[in-house]
Every structure is written in C-alpha cells, then in structure tokens.
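*Asks:* This structure is in structure tokens; I'll ask about it shortly.
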C-alpha cells in the first residue's frame, strides 16, 4: 500500500504524457523512478541509518531482497529484449557482401518496428501476471514462513544501549494519528491535486529544459523522480533511523518493483488502448544504467546486513548516473557554464 500510494504520481504523469504523445518523457520518468528508488532512496536510507546505528547490528530478512531482485531481473529482461530485437532487425535490414564480394541488401519483414511493439505488449502482459503472482505469493506466505534468525548476541557494555533500541519499543502499540476514512479522504484529495499539478508539469517540461539549459533526459530521470519520491524517501529514511530495515526495503525495493512490473506495463497497455504506439525499448544508455543499478543493488543486499558504507556506494552510483545524463545531449557551450 505504501508503494502504491507513493507511485500514484508516476502513474498520473505517465498517463498524461501518453495522452500528449510524449513517449520520451514517459520512458524517462518511469526509468528515473526505478533508479531513484534503487540507488537514491535506498542508498540514503542505508547511509543515514548506518550512521545513526553504528553500535547496533543492522540486519534484515534477505528473502525480501532476493524476491524483489529476481522480479527486477525479469523486468530487465523484458526491457532488454525489445532493444536487442530492434538492433537485430536493423542489422538484418542493412547491406552486406557475400562470398563473391557482391553487395546484397537484406530486407526486413517489419521495418516500422511492429515486431518490437508486439514483443513489448506481450511482455507487458507477462510482467503484470508476474506482479499479480508476487502479490498472491507474498500475502499467502507471509504468515507461513518462519521468522528470520535473531541477531548475534551483543557484548555486556552494549546492553544498556539496547534499552533505547526501537526493536524493544515495537511491542508497544502505536496510536493512530488519524482514522482510516480520514486517511482515505486525504489520499483522494492529494491524488487529485497531484493530477492537476502533473498536467501542468508535463506540458511545461520541454520549456523548462530549454530555459534551464538542461537536457530532457536529466530532468526526466533525475529531477522528476527526486520530487515525486519525496514522501517515500522520507519514510524510508525515518524507518532506517529506527533500525527497521525490513520496512525500509519494503518501501524502496517494493516501489521499484511495482514501477517496473506494474506501472510500466500498464502504461504500455493504456497507450495501446488509446491507439498510441509505445514499446519497452528504452535505448541503450538507459537500459544499461538500469541493468547496472539492479546488479549493484542485488550484490549490496545479498548478505542480509547493512552499514553506512553500502549506502554510500549506492549514492555514489546514483551520482555517476546523474552526471552521465547531465552531460548527455548537452552542447559544450552549455556545459562551460558549470565546468571551466
């Protein structure tokens, strides 16, 4: 539920941009949301959570991270194959020389990219099926699986500090600030407000890129997700401060998985219903950044422990990707204002 409410902004922006036939902005904003959750939100949470719990054992249920990473690899496969198919189709349609050095032209069956479009739509249905199966598996197995092993025993001098550990206070029930219907009313109100602001944002993003001297790729992948994921970011960091890493991973990884396996395929199918062609080919640079981000996150969470150094590495990876898209599609005259 936390990930669904947090991803409402991305869904609204994507659908509005599809209606305006701004496919490039749609793909950039969705990809940026995945990268932001994997590297920026998770990295910031692990970094500040590690600094605030230096003398405490930080561990989490690695099964949650493993399952989300497997689903992210499935989404990566569905994003990579349309791009590879496009390259293969273009290569097959190129010219080559045969054994007698005679120029031969190989025609393609679909030069308009319909093969890539069909593959993208079929992959979208499969991703939605995988996400639905994940929800059923998560709900049915959460009460059946045994709890994770307890952390190793601590030294005697640390016992006094454990009294202030949030794990001890978890037994006490927290009182709700607002009721359920009040929360639903606030959620609907904020969603309508976000819809109005998103319509204005989508219509002015190109003008903002021209006036600021930035590329649309940098705004769509870096700036928009940071603003859109502000609520999730704050929640993940707060729970990391309290050493509740399972909730932090549920927010960051759960949001990235939902965007990759639910929001992206729904956007493709909505565009299909509107008679607009949208595929899963996010281009080479964007797909490579997604693949490397998933790999780094998977290796970071494989041992089930956390510290501030792991968060710092994730943040540095995000900064490198941000610099990459900052310098891409930018004339040298614009860069000289920032770098001598």
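Placed from the backbone N, Cα and C atoms, the Cβ positions cover glycine too.
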*Asks:* Which stretch does TrEMBL mark as transmembrane segment, out of 96-117, 118-139?
*Replies:* 118-139
*Asks:* Would you mind telling me which of 53-75, 145-167, 168-190, 191-213 TrEMBL tags as region 'Disordered'?
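*Replies:* That would be 145-167, per the region 'Disordered' entry in TrEMBL.
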*Asks:* Kindly point out the range from 8-27, 308-327 that TrEMBL annotates with transmembrane segment.
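*Replies:* Range annotated as transmembrane segment by TrEMBL: 308-327.
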*Asks:* Per DSSP, what is the residue count of the domain 'Sodium/calcium exchanger membrane region' (2-137) in each of helix, strand and coil?
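*Replies:* Summed over the domain 'Sodium/calcium exchanger membrane region' (2-137), the classes give 102 helix, 7 strand, 27 coil.
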*Asks:* Would you call the transmembrane segment (284-302) and the transmembrane segment (118-139) in contact, using three or more Cβ pairs under 8 Å, pairs 6 or more apart in sequence?
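*Replies:* They are not in contact.
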*Asks:* With CB pairs under 8 Å as the measure, which of the listed stretches 30-50, 247-272, 308-327 comes out on top against the transmembrane segment (214-241)?
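*Replies:* That would be 30-50.
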